[in-house]
């Protein structure tokens, strides 16, 4: 089914970028304040879902040509590898470590292995949510 | 405050169970959603509701909120989110394949 | 060293993710599946050896010390069950390529198979009540995906009921954990056990315990709560039925065994007495179900219920012999149930039907299959010298020590009827004239027999080698009856 809704499409073009920015902000702010990989991933997925609503699924898949099932699996793999890193250093599974560095542009930045783990969570959430939405919408 | 939230959780669970016992598949799915919301509110209440500091370890803070129910509730929300989306897909497929969304007609005695 | 505990959970997860990426290349996935499951089996065997020689292995994830963080505990009971899980899973991995169609294999069978094993191992190994819920959800999610694999009309219809009943009991589980947290202020099982002993008012704890029993009872398919189980277990492919029949209900019964030997032991007269009644009713109603049907898959599925009854009977009697019997029967039943589901799957495949009224004379073409069914019927019913006999002997010995005569009579009668219900398949399906309407001898059973023989060998070894295995089981039951050991090893006091 071809959708032709000019207003929705015009607004979507702008709003998608706002949503994506919010998703990235939520993802990074999760380190100390509310937010994090799960919420960031959900917001990120909502951008894709909005795209699918405004345009049709085929167009979106032409623009974003990868299978979201693999995105979910990749996210899970990242989480596992980050967890397994602790086995290499002979500390209990899922142990975290962090350090901070000074940068002239942003000031003090904290770097921790949790962020990597959260990146895996975000990817999994995006993959799962988009897969579910697509699998429902496919045969309407 | 605990009393009010407990009653709210009770209402959510009651409506959830009511919906779960309906015939229409979509109502059942909504029922499971309501049920899990009730359970989540309940976990939060069990950790004692109070307005305190965030549960981050810092000096000079005496009045903490309990971090454990929040961790439990977050995990539980993620799981119920996954299950609800899965059951939506499943209900949709079932209704499509069996040409009905009425649980009465989904009984099936032919393979006994 | 302590990181060893995470491996039985992590290796299947990694294998599952690899299987997702390789889902179109079925030949590679099959090979990798076998390699991964055998590697996992080897690691778990090594862990079992360590646990029995030098005590439980405990992992405090993320370096959070015991009562505060999430812990994984490999104690004798859980590691033995993980080992059995992996034996069953290995047999299923070798059976699957012959039983499943290529399309089903490509539709992420191997991925969900590994997620299921990961969830089951996690549920056995965790030392945290909330984490038990999480691992339950992991294995249930995988089972939801497996039960609809293929997406037939019947499958979808039965699985929606399966999903709903499990979802409801999971929500109840979360609520009960919240109750328990409200009363004792922790979700770590060892610390709960410690605090339960100190609580003044035991009434509320007994109520929570019984609620928890109903949650696990739903998952384990106990007497009033089993109605969802038989039909939903027969709709998927036999290999998936075998995994479900061997693992899913057993996780529920393991949880009851763990919780009611560790935490809720303050009012044995009420809770454990109730178990004995429920055990008797489960046996009677389960076997009535098995006798009432002519569908061979349904006969085996109904036979899961009396087995659960036998295990819960041992927990109810609650002395050393009875608990040993329960543990022995649990291990025995995991292996023989999967073997039976696999055998029945082959019979339905070669006969082209699962209706007993339409088949006869299978013996002419498939003598080996017939004798395998014959042996497994003996194992299941508990004819000496097979493994079912040792389990039942210990259970009955425990029951007679406590002078619970009624349950002994019910158990013995049920055993006889179990034998009859499986023999019915043998007599009506294998004996008799060749049925001309069935196209017998056309379908070969190459590849099916190996895994079944593998599982039956374990059953026979469990029976004949009881002399060597019993001391380990005895260690487990002594360990279970002394909760202080678990608490001390986890909280390090």
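Keep in mind that glycine also has a Cβ here, set from the backbone N, Cα and C atoms.
Listed in TrEMBL:
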- C:127-417: domain 'NADH:quinone oxidoreductase/Mrp antiporter transmembrane' (DOMAIN)
- C:6-23: transmembrane segment (TRANSMEM)
- C:35-59: transmembrane segment (TRANSMEM)
- C:65-96: transmembrane segment (TRANSMEM)
- C:108-126: transmembrane segment (TRANSMEM)
- C:132-151: transmembrane segment (TRANSMEM)
- C:163-184: transmembrane segment (TRANSMEM)
- C:204-227: transmembrane segment (TRANSMEM)
- C:274-291: transmembrane segment (TRANSMEM)
- C:298-318: transmembrane segment (TRANSMEM)
- C:338-356: transmembrane segment (TRANSMEM)
- C:368-390: transmembrane segment (TRANSMEM)
- C:405-427: transmembrane segment (TRANSMEM)
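As a quick check, the transmembrane segment (C:65-96) and the transmembrane segment (C:338-356) clear the bar of 3 or more Cβ pairs under 8 A, pairs 6 or more apart, so the two touch. Ranking C:6-23, C:108-126, C:274-291, C:368-390 by CB pairs under 8 A with the transmembrane segment (C:35-59) puts C:6-23 at the top. Outside the transmembrane segment (C:108-126), and at least 6 residues removed from its termini, the chain residues within Cβ reach (under 8 Å) are 5, 8-10, 12-13, 15-17, 19-20, 23, 29-30, 33, 36-37, 40, 70-74, 78-79, 81-82, 85-86, 89, 92-93, 96, 100, 132, 134-143, 145-146, 149, 243, 247-248, 251, 254-255. Residues 303, 328-329, 332, 335-336, 339-340, 343, 346-347, 350, 362, 415-416, 418-419, 422-423, 425-426, 430, 445, 449, 452-453, 456, 459-460, 462-464, 466, 470 of the same chain, all 6+ positions outside the transmembrane segment (C:368-390), place their C-beta atoms under 8 angstroms from a C-beta of that stretch.
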